[in-house]
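Student: Provided herewith is a single structure, encoded as structure tokens, for subsequent inquiry.
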Amino acid sequence: MSMQSHHVHLVSDATGETVSNVVRACLAQFEDVRVVQHRWWLLRSPSQVGRVIEGIQRDPGTVVFTVVDPEIRRALEEACRLINIPCVALLDPVMDALALVLETKGNQQPGRQYTLDEGYFSRIEAMHFALALDDGQSLDRLKQAEVVVVGVSRTSKTPTCMFLANKGIRAANVPLVPGIDPPAELMDLAGPLVVGLTRDPKSLSDMRRSRLRLMREDGDSPYAEEDSVAREVREARRLYARMGWTVIDVTRKSIEEVAATIMQKLGTAPWGEGL
């Protein structure tokens, strides 16, 4: 018996990133359901609402929107009311609470979070930095980093640094290679936060085997052999302990969770701020 499809319409006056992320987080809590998402972005005039409503009528389902323009909102909500479709204003509870506390109304301007402000250019600079100092490159610039991520192969060093860079944090990463001493630039480093990533040896071995298969190489090489991997992990952890570096086990953590932990250590994302 085939699973019934449920339709959800995501409507935004900007890129749709906010409503997409929130709905994705909510849907993750529901198992064994099939949801078809319909995306309607850059809704900037009441005349565009008709096209959206036509799509909703074709595939009826809950509407979740982030639209700030009052006229467009009214047109969308009224159209949904007439066809008896639930219509959820995603940001209203937060905006109302903030307006009450701040004793002022927010600017009703779509996409304000995407303006080319200082934060935007800081993120671009951080992305260039992370790319330039990826995988042990440009070690002479290591002291310019805010955080240096260290780990054996396949411990998510690069994606973690790229995620941090997207938050405007200058992040570099240095690989630990069996049989090769860590670079002096890393060992003599003073100033930046150094974070050592580790992973369960069995999980790490499985990941490396998968990588080798994708590359059509021998999956039984020492690179992926579990005992060899376990030795690598032990040696890395000994190094972390000797150097007093922060250690994060990434075995059951997403990239976002690892980055959030690092940001907490940096002090750039205390409780009440964040990703």
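First residue shown is number 1, and so on along the chain.
Each residue, glycine too, has its Cβ placed from N, Cα and C.
So Swiss-Prot has the following annotated:
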- Gly151, Val152, Ser153, Arg154, Thr155, Ser156, Lys157, Thr158: ADP binding site (BINDING)
Student: Can you give me the residues near the recorded ADP site, meaning same chain, not Gly151, Val152, Ser153, Arg154, Thr155, Ser156, Lys157, Thr158 themselves, Cβ no more than 8 Å from the center of the site's Cβ atoms?
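Tutor: Result: Asn173, Pro175, Leu197, Arg199.
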Student: State the three-class DSSP label for Lys157 (ADP binding site), counting H, G and I as helix, E and B as strand, and everything else as coil.
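Tutor: DSSP assigns Lys157 (ADP binding site) to helix.
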Student: By a simple count, how many Cβ atoms lie within 10 Å of the Cβ of Thr158 (ADP binding site), its own Cβ left out?
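Tutor: Excluding its own Cβ, Thr158 (ADP binding site) sees 17 Cβ atoms within 10 Å.
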Student: For Gly151 (ADP binding site), which DSSP three-state class applies?
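Tutor: DSSP assigns Gly151 (ADP binding site) to strand.
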Student: So if I measure Cβ to Cβ from Gly151 (ADP binding site) and keep only same-chain residues at least 6 apart in sequence, which ones fall under 8 Å?
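Tutor: Set apart from Gly151 (ADP binding site) by at least 6 residues yet with Cβ under 8 Å, we have Lys157, Asn173, Pro175, Leu176, Gly196, Leu197, Thr198, Ala236.
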Student: Tell me the Cβ contacts of Thr155 (ADP binding site) under 8 Å, same chain only and six or more apart in sequence, or just say none.
Tutor: Leu197, Thr198, Arg199, Leu204, Val250
Student: Per 10 Å Cβ neighbour count, which of the binding-site residues Ser153, Ser156 ranks highest?
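Tutor: Checking each of Ser153, Ser156, the winner is Ser156.
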Student: Least buried of the binding-site residues Arg154, Lys157, going by other Cβ atoms within 10 Å?
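Tutor: Looking at the binding-site residues Arg154, Lys157, the Cβ with the fewest others within 10 Å is that of Arg154.
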